[in-house]
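Worksheet: the structure to be examined is printed underneath.
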């Protein structure tokens, strides 16, 4: 029985300048690895057996009502502008209206070459597909806006990277796939009518109360400020914050070489291609602001009097650091038991982070221990911790039920790098048990009792670098 879904493909109704229509490249022998039943139910996707799901979510068969296309965009990559990028290995099947009334994109990643593939094969291998599946679902469970994983399928075909690897396809669900780079390409080309139509579309879809291009900018800046504060509160490092990986929806998108830090250090970098540390953990707020400045530059091109609008756009972007700081303070305050932190609490939070850096304490486990037991064992210099702890307990004396506040803000488990690599290595050999175990724990991160997955890596297990690896 053919899979059905409530498709309503608004992007496909825009002019062809925004995309190229094409179908996924069929694969030889698809098989289903995982399917996200609760998400599928929200999307209104009909029931089907594993074989039918494998066929549809590998791109071998189109669901009824799909309008497949590859989207066009540009982007700054590590600060350098690339005037044309686009979906080089992804195809948007279409949009569905979920049972919650929201509009969602359904996209296949690894679905074959497109006109934007730039000599690539358009495919993905199993490792990055499973990484994004687990990490994006973990982020959702952690309360951070994110694209989500609907399905993972094997293609039955190999892909050639440094070696021969099993091919796979990820079905990704997003509020949309509009990026900063989507606006940049039409501003760069001076296609002002297209830029205006794209802006109107984005406002209608993501910021219906926004007043024109600058209203959209204000809404996106606010969403991105909340997003990056969420990352910082979890020790998450995106790794490739290019403008083509910056979503207008304010969702985390394109996980690539992402990672969660183990030992806390503000300068942590994992991405093998980030040689200068541009996207280091501590730089993420600054880069988010920089990306929004690029969005402002693109949006201004359509204004009747762009010079007059520059001042307002500048004020909007310059307000972002304060927005990020406020969102960060709120999240970090809760992690130490303060339900409504004020700027006066910043030294207390920063004092703990400084101590964690000096003592090489584990980021996730330190906050978990504060919430549920005694964090003293996380530190080598316990006298220094005791000094901080005295100030902390004095502050908590005014709080109601701080343990509950902390436990709701501090996960017990994250998808640690060494566990992700372990999961991928096993899956390549046909063993999906580690994937299923990690996924189960990370989708209930505040309640898991899997102490083994909570454990930081040993010296031999540390993963020093991550790779896009697509």
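In case you wondered, yes, glycine gets a Cβ from its N, Cα and C as well.
Annotated features, as they stand in Swiss-Prot:
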- 244: active site, proton acceptor (ACT_SITE)
- 86, 88, 89, 109, 121, 122, 172, 179, 254: ATP binding site (BINDING)
- 245, 254: Mg(2+) binding site (BINDING)
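Shown here: features listed in Swiss-Prot, placed on the structure.
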| residue | record | CB count, 10 Å |
| --- | --- | --- |
| 86 | ATP binding site | 22 |
| 89 | ATP binding site | 21 |
| 121 | ATP binding site | 17 |
| 172 | ATP binding site | 25 |
| 244 | active site, proton acceptor | 23 |
| 245 | Mg(2+) binding site | 22 |
| 254 | ATP binding site | 24 |
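Within 10 Å (C-alpha to C-alpha) of residue 244 (active site, proton acceptor) lies none of the binding-site residues 89, 121, 172. Between residue 245 (Mg(2+) binding site) and residue 121 (ATP binding site), the C-alpha separation comes to 20 Å.
For the ATP site listed in the record, the two most distant Cα atoms among 86, 88, 89, 109, 121, 122, 172, 179, 254 lie 23 Å apart.
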